[in-house]
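Engineer: Shown below is the structure under consideration.
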Ligand SMILES: [Mn+2]
Ligand SMILES: [Mn+2]
Ligand SMILES: [Mn+2]
């Protein structure tokens, strides 16, 4: 296994010194934003983690290795490449064996983080049960990963293009804790609120770390969703976002857009109809998650 | 892990002497019956297990510990408390870290039993796939637990408020044996029969223990459902119970009761319309399960 | 565990010498073909594996043992017996404890192969998500097995009596790689093509073996689907097969055939309406899979 992992100097030193480490995914770099904004944002997010007492480890598949922490050159190359495959659990063996470039999704980043001994991972939003999944069975592999891989995932909830209610049901069946960080309500990515309650509300990084430690000490496999609402200043109005999604869903139906094509279509519509504010919001919430995630990583490092 | 487990004197001695032990859940105490009937029933069920050659271990979460066996004082306190959280897999870490009171469901009791080295667990009925789950995805975490945690669960089948057919399909997909104890038909909690066949019929405790031992010796993770029909004298008529449920489902729909609110509504209606006979039946079937469970635990202790 | 495994002389020697081994299932013998054609085909398939540099291990449950490799006498007896139970994960413990005859499905053969240290398994087609499973939840245990048991499964795709699209969604959620062997399109058993793309295309046995080794070296549990199209000469026309299935589905509905009875009905109709050509095709594709499977087993033996 070790032969597939390649650590950056910064992460290697952090591991040797026993410092808290925060994993970051790379799909947001390759598929979430245009170059060079993606690289710049990645660096800013990493710096926020450093400023909050932890060490960032951006994860990507490069040249037959799972990179745990990217150098400046690697990040630049990766952010500018156009042949990067979105990598979930099922793709990891293939991409490593063929030495192709891979951007890790939530599922693959969790796997890599666990392999590297990293207990906390910061992302924007998790995948979930797609709208209409009662018929399409389109359910993100992220949810299965949360039930089996020992990494806490700080996010801003599940995107409202998903079916949030069904996502919560799936996580309940699978025994995954869904924590509202300072909130009783599950946030929905662009919005601070949704109509759904979280399973558990916790108000401090220490409480989150203590819950995770108890879970893992018991030997209960899997992670948890730590749902951290987008900052107020950047949050969108729920009725505005939901209106866009409802409209886009009708449009998708009218145009015969189905299955896997629906999600990128919805995301595109949200971007278009928010006049680019969705990207700003996305960046703001990831940075906010980086702050909270670093704090939790510090606590997880102390209660080991 | 051991730091979270706290054994009663009786269970500790049983473990030291290598006696057969039967796990019991505590949701039935906190959420299933009023005080003091709940405490009295719990004691009677424990005594039945002793009378049948095994040692009872009622499981609950108290003060940051998973109690394996409750003292009289603990049982009294627990049965009388009104701030007890229903505890499934996802809740265990949180309740232990925050030292809150937790009543273990089937899923959490299975986890605790396995951690404590107990192979057999007696309950009333397991959770399952809820009616309408094709749309709501409301599926009990008990089913996932049965597929991964090594504890045999003696119950009186799945409640007919659930969708029994879908519950059986789910268990089949997950590779969980469903055994009819002395019956070819899956019992449905209040009734001895249903329209569904079991996967395997076994007629003695030894046969059940031998099947489980072979499964576990092979390294096949998970438990099994040992479905033991309610005693004839206490059984209700299937058409009577199903009539109540059908009526209650219509009423729920008319009153806009949805999702998680449906199950307690149905259970309430069953109780109301059976004029309390459902509680009597519930007690009778648990006691009957305790007898069968103790016998299986004795056999499991011998074929180890 | 070892006490339940019984190796044939041929397989035992192969293990001692470190030769590549290919697992074969026995449901095709007991339930897939009439005697003596079933026994003859089984022997021919085994010989193809030998001719391609590997050792065949046909797997069946006999007299309380999992047989890894059948002697001529065992194969003859097994192929001629009429009391053979189809054995999936849930049935293994029961059949071993009661010493009944069991024919291993894809799921059970994967389990047995893993227990015996065999990494490659050749079959005809895997189980999947049944048509209408959105309502019936009828989903083969084979899919769960593929997500947890470390065996690569060479098959000719999923039968078009299944819902192939939903089967692919389920496998994606579960993180199972679906490889097209020399094809971008998932083959559908009797046909070389379907409307569905595979996740990964690989064109040589070595590439498949390298992907699997990387996956397993990472510690990623589970197998993969290696979908190998039926040879051109034997392939049926997709519109012909799909037409038969559509007609049969209507007929099933009209006759009130439901749930578990639909699949055997559809298979029967396919056989009837192809005037026995489906059996010929079935034999041809299994032999073709044996060739490819042996080649992959040879490569897996070299990259260990
Ligand atoms: Mn999907
Ligand atoms: Mn539920
Ligand atoms: Mn089925």
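Cβ coordinates are placed from backbone N, Cα and C, and glycine is handled just like the others.
TrEMBL entries are annotated by machine, without manual review.
Residues or ranges marked as active site, proton donor by TrEMBL: B:25. Marked as active site, nucleophile by TrEMBL: B:159. Feature annotation from TrEMBL assigns substrate binding site to B:86, B:106, B:140, B:141, B:142. Among the features that TrEMBL reports, Mn(2+) binding site is placed at B:138.
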Engineer: Among B:138, B:140, B:142, these being the binding-site residues, pick the one whose CA is nearest to that of residue B:25 (active site, proton donor).
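Structural biologist: Out of the listed candidates, the nearest Cα belongs to B:142.
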Engineer: I'm trying to understand the geometry here, so how far is the Cα atom of residue B:106 (substrate binding site) from the Cα atom of the residue listed as 'Mn(2+) binding site', in Å to the nearest whole number?
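Structural biologist: Cα-Cα distance, residue B:106 (substrate binding site) to the residue listed as 'Mn(2+) binding site': 16 Å.
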Engineer: Please give the maximum pairwise Cα distance, in Å and rounded to a whole number, for the substrate-binding set B:86, B:106, B:140, B:141, B:142.
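Structural biologist: Across B:86, B:106, B:140, B:141, B:142, the two farthest Cα atoms sit 13 Å apart.
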Engineer: Identify which of the recorded positions B:86, B:159 has its Cβ surrounded by the largest number of other Cβ atoms within 10 Å, counting every protein chain shown.
Structural biologist: B:159
Engineer: What recorded positions among B:138, B:141, B:159 have a C-beta sitting less than 6 Å from any atom of ligand 2?
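Structural biologist: Checked recorded positions vs ligand 2; flagged B:138.
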Engineer: Would you count the other C-beta atoms found within 10 angstroms of the C-beta of residue B:142 (substrate binding site) for me?
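Structural biologist: The Cβ of residue B:142 (substrate binding site) has 27 Cβ neighbours within 10 Å.
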Engineer: Near residue B:140 (substrate binding site), which residues of its own chain have a C-beta under 8 A away, given they sit six or more steps off in sequence?
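Structural biologist: Long-range Cβ contacts: B:106, B:107, B:126, B:127, B:128, B:129, B:130.
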Engineer: In sequence order, what residues of the same chain, 6+ apart, have a Cβ less than 8 Å from the Cβ of the residue listed as 'Mn(2+) binding site'?
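Structural biologist: Residues satisfying the criterion: B:129, B:130, B:132, B:259, B:260.
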Engineer: Give me the non-local Cβ neighbours of residue B:141 (substrate binding site): same chain, 6+ apart in sequence, Cβ-Cβ under 8 Å, ordered along the sequence.
Structural biologist: B:88, B:89, B:90, B:105, B:107, B:127
Engineer: Roughly how many Å separate the Cα of residue B:159 (active site, nucleophile) from that of residue B:86 (substrate binding site), to the nearest whole number?
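Structural biologist: It is 18 Å, counting Cα to Cα.
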Engineer: Under 8 Å Cβ-Cβ to anything in chain A: which of these recorded positions pass, B:25, B:106, B:138, B:140, B:141?
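Structural biologist: From B:25, B:106, B:138, B:140, B:141, the ones near chain A are B:138, B:140, B:141.
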Engineer: In terms of DSSP three-state secondary structure, what is the assignment for residue B:86 (substrate binding site)?
Structural biologist: strand
Engineer: Taking the Cβ of the residue listed as 'active site, proton donor' as the centre, how many other Cβ atoms fall within a 10 Å radius?
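Structural biologist: Total other Cβ atoms inside 10 Å, all chains included: 28.
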Engineer: CB neighbours of residue B:106 (substrate binding site) within 10 A?
Structural biologist: 26
Engineer: Check residue B:142 (substrate binding site) against DSSP and tell me helix, strand or coil, would you?
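Structural biologist: Reduced to three states, the DSSP call for residue B:142 (substrate binding site) is helix.
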Engineer: Setting B:86, B:106, B:140, B:141, B:142 aside, what same-chain residues sit with their Cβ within 8 Å of the center of the Cβ atoms that define the substrate site, listed in sequence order?
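Structural biologist: Everything else in range on the chain: B:88, B:105, B:107, B:108, B:126, B:127, B:145.
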